[in-house]
Amino acid sequence: MSSQEASKMLRTYNIAWWGNNYYDVNELGHISVCPDPDVPEARVDLAKLVKAREAQGQRLPALFCFPQILQHRLRSINAAFKRARESYGYNGDYFLVYPIKVNQHRRVIESLIHSGEPLGLEAGSKAELMAVLAHAGMTRSVIVCNGYKDREYIRLALIGEKMGHKVYLVIEKMSEIAIVLEEAERLNVVPRLGVRARLASQGSGKWQSSGGEKSKFGLAATQVLQLVETLRDAGRLDSLQLLHFHLGSQMANIRDIATGVRESARFYVELHKLGVNIQCFDVGGGLGVDYEGTRSQSDCSVNYGLNEYANNIIWAIGDACEEHGLPHPTVITESGRAVTAHHTVLVSNIIGVERNEYTDPTAPAEDAPRALQNLWETWQEMHKPGTRRSLREWLHDSQMDLHDIHIGYSSGAFSLQERAWAEQLYLSMCHEVQKQLDPQNRAHRPIIDELQERMADKMYVNFSLFQSMPDAWGIDQLFPVLPLEGLDQVPERRAVLLDITCDSDGAIDHYIDGDGIATTMPMPEYDPENPPMLGFFMVGAYQEILGNMHNLFGDTEAVDVFVFPDGSVEVELSDEGDTVADMLQYVQLDPKTLLTHFRDQVKQTDLDDALQQQFLEEFEAGLYGYTYLEDE
């Protein structure tokens, strides 16, 4: 593939921007993965890797996870803050604290811990805190405890502090502080406290409700003052060491981030005036990733990079400290999405394709109903040289005629054959109009979009949107989706992707199309009998954890892929995926009981013994098989 062709494909799918140097198109037109862009020779052809794994028994759909990307993301964020601190002359430290709610899988937590980079962990529930405490011995860093807390949660955090860990209990509700002080006294431990301030500043987009004055968590200004006085009265004011705020997840606009940090810096200054020695400034989450590759303020993009993000935070805090003669605090960010999103690709196979095929139309019978004659006359006029009717007018006329035919069919005025003829002719007319449209003509764009959606191939993909990409369904989040091969060809076709659940919501509605978003996906020409595998990229944050069991489709298989500079690749199975039996047990349906009931029914039939045994074996094999479709 020429460099010009490769460049065109990169632009079509915006790989150069959302891929962030981890994903590219190689000379074969295949997706290649470079888990560590600092070691460019260490890369793998993803299409070849998947096919090799399939030959060894790998089932699809499957998650292909690249732990080296996790580690590179962690290094990159740490490096950005190091550069920002050096540029400003900032004296405080920086810690990235990973909120495990983003992806609690062991492979993710341990890959980050073993990176050799400074790393803290954040918990938002008792279960998460137990996981964090169990891994804390490997980090010897910071633990931040957020979320609603009961007595057991608080005791666990204080036990961690008693064991020598640096555990910050962030007060998010005034009711928590009394329990903290009681349990700290019982355990004879000095608590290390934080306070989450509820800011007026708020981001925009799909996650804006997690920040601002109406947010679920945090203390208002009057409550912050009340907390300070409560601690002062208890002789524990020195325990309040961390200031925390959260603007929202996936902040698209750097100006919103800068505004929020400046407001929170005022809290830092005012708390020092009250005698509170705040040592850590936790700016929470918000560091976004560019799912679209548009470098914009849209909900699924960001208009900044790591360096600009780090600079805005360090300079805002540093300026506030310099203005008021205060020490530079340790800066903490809870950057889970930015660390994990890129490292996982869901790969699946297309199990069926429904294409709109075009045939040379034939004239209707002379005595055909008027609506059929009108449709045919429009078709003939489209092919007359010098016609002055617009493309839009042709399209509208044909749509009206087809609408009349559909209504007439319902009342018995048209036969099934006549309806089929009309629909096929209409498709041919749409195809003819589509060929004459100019994408550079702004007036044509609405018609192009309408026809692309109408004429797109329907691809039925072996996956559950609700299990593997729940945010695409729940909040209409966009994820990069494209074939793993065939990217050396011009994307002349369009497609929409449908999952295998029995739900009309199981469809992807938005796709990357150059610098914009479309309702259909660009596709290179392909063999409908042997369609390419598809990759769903950047699904490493939240998707595995939020996935649900709609239609009892379970977790997919997952493998960890390690790529080395000499070209060698190591693949480890990290999750075998759920069986049908696993999913049935989730809903209190015991597989053994079901098998017994089925056996009893089979025995009551008049089938011969051999056939009874065959059916029993098939039923039992299905119970312990994959929940997704499998090849024979």
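Just so it is clear, glycine is given a Cβ too, placed from its N, Cα and C backbone atoms.
Owing to the predicted nature of the structure, the values given are computational and were not obtained by experimental measurement.
Here Swiss-Prot flags LYS101 as N6-(pyridoxal phosphate)lysine, drawing on sequence analysis. The annotation substrate binding site is assigned in Swiss-Prot to PHE281, ASP282, VAL283, GLY284, GLY285, GLY286, LEU287, GLY288, VAL289, ASP290, TYR291 on the grounds of sequence analysis.
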Same-chain residues at least 6 apart in sequence whose Cβ lies under 8 Å from PHE281 (substrate binding site): GLY92, LEU242, LEU243, SER264, ALA265, TYR268, ILE317, PRO329, THR330, VAL331, ILE332
Lowest local Cβ density among VAL283, LEU287, VAL289, which the record lists as binding-site residues, within 10 Å: VAL289
Inter-residue Cα distance where the pair is LYS101 (N6-(pyridoxal phosphate)lysine) and VAL283 (substrate binding site), in Å: 17
Cα separation, LYS101 (N6-(pyridoxal phosphate)lysine) to LEU287 (substrate binding site) (Å, whole number): 15
Number of other Cβ atoms within 10 Å of the Cβ of GLY285 (substrate binding site) across all protein chains: 25
Recorded positions compared (LYS101, TYR291) - highest count of Cβ atoms within 10 Å: TYR291
Distance [Cα-Cα, Å, rounded] between GLY285 (substrate binding site) and LYS101 (N6-(pyridoxal phosphate)lysine): 12
Rounded to the nearest Å - Cα separation of VAL289 (substrate binding site) and the residue listed as 'N6-(pyridoxal phosphate)lysine': 17
Rounded to the nearest Å - Cα separation of LYS101 (N6-(pyridoxal phosphate)lysine) and TYR291 (substrate binding site): 20
